[in-house]
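Okay, structure first, notes after.
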Amino acid sequence: MSGENVTKVSTFILVGLPTAPGLQYLLFLLFLLTYLFVLVENLAIILIVWSSTSLHRPMYYFLSSMSFLEIWYVSDITPKMLEGFLLQQKRISFVGCMTQLYFFSSLVCTECVLLASMAYDRYVAICHPLRYHVLVTPGLCLQLVGFSFVSGFTISMIKVCFISSVTFCGSNVLNHFFCDISPILKLACTDFSTAELVDFILAFIILVFPLLATILSYWHITLAVLRIPSATGCWRAFSTCASHLTVVTVFYTALLFMYVRPQAIDSQSSNKLISAVYTVVTPIINPLIYCLRNKEFKDALKKALGLGQTSH
């Protein structure tokens, strides 16, 4: 296609979630309440962790960093989704679409590395308890969280630069409720194999290597736990990792269903539904998984709410 005959797309139209007529206002209210709950829930975790001296430890520093990530993450997707429920035509500019894609990809990549960092923290706590405070220092925690964000945002910058260089000159109807890589590239009218290859390589690096680090950490944790002679001690040691392991399982399972499904079971409707669950529901579930099983956090929450200390 000759360059002079190409009219580049400057605006995308988001199809949004499939809804029955008349249900969009109910869905708007449902997702709005969910969004507000995520904000309040994660802000509360951050405030409680930073205001309670008993929680000034590496595990809770990682937890507050994860809550900050969840707030940013859900705020990248949900406002545009809510707008889509109220408007007949859900438009987003090309720059706005690339910006949304950049932050979505960056935050997913950051969470991969942050979960691996949290797995390392649990590994040291279980396998080297006497050296824990020497190995996992506040400085190291800051470096691990900083590295998670820097690596996630840098890799995503490269991915989005390649994707934004692709020419979009045909249909501008994006069959999704937010700007994701696969539905965007389906609208390309020039060869996008280079952008697709770069995306695959960088996604492999940022997803697989942190996952391998997490698996390796839990392999050593499992071996250490199995060496504990008493069943009570064994359960107590492993229960400290149960919340993080649950979040890791939910996170990677959702990613696999979203991006690594066989073509035979792939459909835009199911993909959008899984994406909606992943982008809105998991930011609610993750803090609950971490906090509801944690006695120290529940005690700090009761103290913050003026309900007094639990009896010992």
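Cβ atoms here come from the backbone N, Cα and C positions, even for glycine.
According to Swiss-Prot:
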| type | residues | note |
| --- | --- | --- |
| TOPO_DOM | 1-25 | topological domain 'Extracellular' |
| CARBOHYD | Asn5 | N-linked glycosylation site |
| TRANSMEM | 26-46 | transmembrane segment |
| TOPO_DOM | 47-54 | topological domain 'Cytoplasmic' |
| TRANSMEM | 55-75 | transmembrane segment |
| TOPO_DOM | 76-99 | topological domain 'Extracellular' |
| DISULFID | Cys97-Cys189 | disulfide bond |
| TRANSMEM | 100-120 | transmembrane segment |
| TOPO_DOM | 121-139 | topological domain 'Cytoplasmic' |
| TRANSMEM | 140-160 | transmembrane segment |
| TOPO_DOM | 161-196 | topological domain 'Extracellular' |
| TRANSMEM | 197-217 | transmembrane segment |
| TOPO_DOM | 218-237 | topological domain 'Cytoplasmic' |
| TRANSMEM | 238-258 | transmembrane segment |
| TOPO_DOM | 259-271 | topological domain 'Extracellular' |
| TRANSMEM | 272-292 | transmembrane segment |
| TOPO_DOM | 293-312 | topological domain 'Cytoplasmic' |
Segment-segment contact (the transmembrane segment (100-120); the transmembrane segment (238-258)) at 3 or more Cβ pairs under 8 Å: yes
Cβ contacts under 8 Å made by the topological domain 'Cytoplasmic' (121-139) with residues that lie 6+ beyond its boundaries: 58-59, 61-62, 217-218, 220-221, 224-225, 237, 240-241, 244
Spatial neighbours of the transmembrane segment (55-75) far in sequence, C-beta under 8 Å, 6+ residues away: 35, 38-39, 42-43, 45-46, 48-49, 103-104, 107-108, 110-111, 114, 117-118, 121-122, 125, 136, 138, 141, 144-145, 148, 279-280, 283, 286-287, 290-291, 296-297, 300
Disulfide-bonded residues listed as Cys97, Cys189, least Cβ neighbours within 10 Å: Cys189
Secondary structure content of the topological domain 'Extracellular' (161-196), with strand meaning DSSP E or B: 13 helix, 2 strand, 21 coil
Per Cβ pairs under 8 Å, the stretch of 26-46, 140-160, 197-217, 238-258 packing most closely against the transmembrane segment (272-292): 238-258
Average pLDDT across the topological domain 'Extracellular' (259-271), rounded to a whole number: 55
Summary of DSSP states over the topological domain 'Cytoplasmic' (218-237), given as helix, strand and coil counts: 16 helix, 0 strand, 4 coil
